[in-house]
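K.L.:
The transmembrane segment feature in TrEMBL is assigned to 9-27, 33-55, 67-90, 110-129, 150-170, 182-201. What TrEMBL records for 231-608 is domain 'tRNA-guanine(15) transglycosylase-like'.
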Amino acid sequence: MTNFKQKMLIYFTALSAGVLLISNLAAVKLWDFFGVAVDGGVVVFAITYIVGDLIVEFYGKKTANNIILAGFLVNIIAILAFYIVIALPAYPGWDMQSAYARVLGFTPRIIIGSLVAYVCSNLFNNYIFTKMKNSKGIFSSSFIARALGSSAFAHIIDSGIFETIAFIGVLPFHEFLAQAGFAYLLGIGFEIVLSPLEAIIARKLRLKMKDYKNNNTFSFEITKRIPGKLGRAGIIHTPHGDIKTPAFMSVGTKGEVRFVPMDDLKNIHAQAMLSNGYHLRNISYEIEKQGGLAEWSGWNGPTLTDSGGFQVMSLGSGCGKVVSMDREKNVVNADPKDRLAHVSEDGVQFHDPFTDQDDFIGPEESMQIQCRIGADIHMAYDELTSLADSYEYNVEALERTERWAERSIKEHKKHCDKLGYHQSLYGVLQGGRWEDLRRSTAKKMAKMDFDGYGLGGAFLKENLGEILKWCCEELPENKPRHLLGLSHPDDILIGIEMGADTFDCVAPTREARHGKIYTKYGNFNLNKFADSSEKLDDTCDCPTCRAGWTRGKLRALMKSQDNAERQIYYNLASQHNLRFIIRLTEEAREAVIQGNFEAYRDEFLLNYYGRKSET
């Protein structure tokens, strides 16, 4: 949270409590409104909704609710203090005791009605405001629309509770109804009058509070489609910025990309970072205290976390990839007695090899962990099967994944706004290599309340295109799709053509650390280039290539016995490989927009593999 945002939160808290106190003092007087008695606090009290709307907008419902309770406590303390002061003996000659007591003594019914109405109506206002913000249409896009819309309901609760507690039985019933009606109309009317000022304040704050963008909401827009294909270029809007798609997400497993500082990520034009919910689960409370993954990690762009399902499932099957591209004959599951994870309807019980402790993660636990971590995009909990699993087991696992998806949505909604910005949720599609399973689950997931979709599972490389086609033909066009765990250039290009919008994989940095370097004309191993003065790739614009590092110099760093020199190599090589893949998605995006994707694809593949696309 920026200093400005912290300062404004202090001001908002003080203003919220102060306005309530002032409205309680003003409510002592009844004024004549065309023959109807109206309490003087009506006009002032409307400001609490304006302040509350601004707090929910920029800090989230949880913070706004806490401020309401703080204001309630401040007023209780003030009332007790006034009663104590009134009870103190007056100084001889001071003749204002009775007037002081009449003004500050508060009629018990008025003060009780005011405080109860304040808490109930403002909590309800925050709830409705948040619901509207996360809905579709004008309430999602317009701050004033949701501010006035939520207040219209909240004023009903306020007027009903306050007037009932304070004046029922005191005023004739027809006067009571008239006063309650006028109180409602005056309150909402005053807020409508002030709405232009409220809009100006919100606009000014939004410009100042640059750490949370896009009105704290998630959405996706399509910029251009590939004619006759499922692919498209678009923009994913998140609370921490935009992702121009197609895009590659750099993998920072534990909140940072290994050997690549955040400034270097920016220099290679990384748009987003993916972190691992499983590996961050034990420090998720600390991340939450610091305001979420962006604040904690220092990466101020969009973020995504996976559910942890892949990691715990891998302990069970013995398989080690999100998407296995190995031949089926080479894939076998671990013997049941050797497995570290066991699946049930509740979730997955597993033995963590890193901590040597037994643990459990189910859909609810996964959502709680991810919401504490606070990435912009989360993945629903799913069961990953392996290539060795039968069709029958895939049916069973898929049905369980679909039930877990419903549980993930339900739990996610409880926590997704608690850090002050909306965290979105993707459903994950499994189904192995079978068309009926893939299409069936895609249709079911499409009807669920997800913000986007993750495309995962185990299948052979040659099946990638048709599996994506099966899924994307059934999914809604207006929601983004993330292809899990792939970074080979041909896989990315197939993914783009078949409708995937974002990608992630650890391979670019992992292979860089082992000497595998990506270039326009294919990969090479640095071990073969001792004393070479040749650059890594003459066409590359990464910081490593721009600085003139040669293959021979990088190999020397990689082979050095000095750990510091090896770390320099890891940084330079990782930047290069990441930039290569990021630039591939940038160029593919531009090709989609310009309408020449197929020509770009064929030229790239011909240079890289020496062959054209087979699609």
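Note: Cβ is positioned from N, Cα and C throughout, glycine not excepted.
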K.L.:
With Cβ-Cβ distances below 8 Å as the criterion, list the same-chain residues six or more beyond the ends of the transmembrane segment (67-90) that contact it, or say none.
P.N.:
12-13, 16-17, 20-21, 24, 48, 52, 55, 97, 100-101, 104-106, 111, 115, 118-119, 122-123, 126
K.L.:
So what's near the transmembrane segment (110-129) in sequence-distant terms, Cβ-Cβ under 8 Å and 6+ beyond its ends?
P.N.:
20, 23-24, 27-28, 39, 41, 45, 48-49, 52-53, 56-57, 61, 64-65, 68-69, 71-72, 75-76, 79, 146-147, 149-151, 153-155, 157-159, 161-166
K.L.:
Please compute the mean pLDDT of the model over the domain 'tRNA-guanine(15) transglycosylase-like' (231-608).
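P.N.:
Here the predicted model's pLDDT, averaged over the domain 'tRNA-guanine(15) transglycosylase-like' (231-608), is 91.
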